[in-house]
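These features come from Swiss-Prot:
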| type | residues | note |
| --- | --- | --- |
| ACT_SITE | ASP8 | active site, nucleophile |
| BINDING | ASP8, ASP10, ASP205 | Mg(2+) 1 binding site |
| ACT_SITE | ASP10 | active site, proton donor/acceptor |
| BINDING | ARG17, ARG119, ARG130, ARG137, SER175, ASP177 | alpha-D-mannose 1-phosphate binding site |
| MOD_RES | LYS145 | N6-acetyllysine |
| BINDING | PHE217, ASP219, THR222 | Mg(2+) 2 binding site |
Amino acid sequence: MATLCLFDMDGTLTAPRQKITEEMDGFLQKLRQKTKIGVVGGSDFEKLQEQLGNDVVEKYDYVFPENGLVAYKDGKLLCKQNIQGHLGEDVIQDLINYCLSYIANIKLPKKRGTFIEFRNGMLNVSPIGRSCSQEERIEFYELDKKEHIRQKFVADLRKEFAGKGLTFSIGGQISIDVFPEGWDKRYCLRHLEHAGYKTIYFFGDKTMPGGNDHEIFTDPRTVGYTVTAPEDTRRICEGLFP
């Protein structure tokens, strides 16, 4: 019976929004000789490629962009799901309008562009804007740790859209993921149900309640590990697969 190591990307395999290091990339290819490996991220496929390499689908047995709403196995596309068909245009517009008006009322040291990114399986909402520089990203993240900007935004969204079948979770350093209930990272597990794995190990950094790794981390189908950085991920894997 085979095992699978399933990794979050940002903060687990790479530094947030940075490319994977050669050392980590090489380590994972060695690990692949001992176990199947997969990556699951909230980001879209292009961002996974940017960070893990254009050949990501050849390097991992499973690649699950957008929490597995887009799924690749052994280099081939398995399926693609979309949010607009599921929620309907009215709910999506209400959500976008509400988020833009909320962001317009927050005073931050800096605001940039791309406050909402529309993906296949989710909306990604960023108070500072996704086009901020790396320095601006870190500045916002440090401020957010003190002032809980995203936490308050999420609490507000949960109240405003209660009963609409939506989940709001804090993702990465600068944004909030919004998706239908059940479309969190656990969604990718449905592609693995009949694959016959004895154990699915999951590694992620945002495993606390409200973090976008929490649901899959606590799911009974996985054995979850909380990591703090790629080095930590490597250390745990070396312990599991000496």
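Cβ atoms are placed via backbone N, Cα and C, with glycine included.
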Next item on the list: Taking the Cβ of ASP219 (Mg(2+) 2 binding site) as the reference point, list residues of the same chain whose Cβ is under 8 angstroms away and which are at least six residues distant in sequence.
Entry: ARG186, LEU189, PHE202
Check: Should any of the recorded positions ASP8, ARG17, ARG119, ARG137, SER175 have a Cα within 10 Å of the Cα of ASP205 (Mg(2+) 1 binding site), which are they?
Finding: ASP8
Next item on the list: Could you measure between THR222 (Mg(2+) 2 binding site) and the residue listed as 'active site, nucleophile' for me? Cα positions, answer in whole angstrom.
Entry: 13
Next item on the list: From the binding-site residues ASP10, ARG17, SER175, pick the residue whose C-alpha lies nearest to the C-alpha of PHE217 (Mg(2+) 2 binding site).
Entry: ASP10
Margin query: Quiz question: given the recorded positions ARG119, ARG130, LYS145, which has the greatest number of C-beta atoms lying within 10 angstroms of its own C-beta?
Written below: ARG119
Margin query: Sequence gap of 6 or more, Cβ distance under 8 Å: name the residues on the same chain that satisfy this around SER175 (alpha-D-mannose 1-phosphate binding site), in order along the sequence.
Written below: ASN124, VAL125, SER126, ARG130, ARG150
Note to self: Quick check: which same-chain residues outside ASP8, ASP10, ASP205 lie with their CB within 8 A of the centre of the Mg(2+) 1 site CB atoms?
What the structure shows: MET9, GLY11, THR12, LEU13, PRO16, GLY41, GLY172, GLY204, LYS206, ASP213, VAL227
Margin query: Using Cβ atoms only, which residues of the same chain lie under 8 Å from ARG17 (alpha-D-mannose 1-phosphate binding site) while being at least 6 residues apart in sequence?
Written below: ASP10, GLN51, GLN134, ARG137, GLY172, GLN173
Check: Do you know offhand how many angstrom separate ASP177 (alpha-D-mannose 1-phosphate binding site) and the residue listed as 'active site, nucleophile' by C-alpha?
Finding: 15
Checklist line | Distant-in-sequence Cβ neighbours of ASP8 (active site, nucleophile), under 8 Å, six or more positions away | finding: VAL39, VAL40, GLY41, LYS185, PHE202, PHE203, GLY204, ASP205, LYS206, ASP213
Next item on the list: Express the distance between the Cα positions of the residue listed as 'N6-acetyllysine' and ARG119 (alpha-D-mannose 1-phosphate binding site) as a whole number of Å.
Entry: 26
Check: What three-state secondary structure does DSSP assign to ASP10 (Mg(2+) 1 binding site)?
Finding: strand
Note to self: Helix, strand or coil by DSSP: which one applies to ASP177 (alpha-D-mannose 1-phosphate binding site)?
What the structure shows: strand
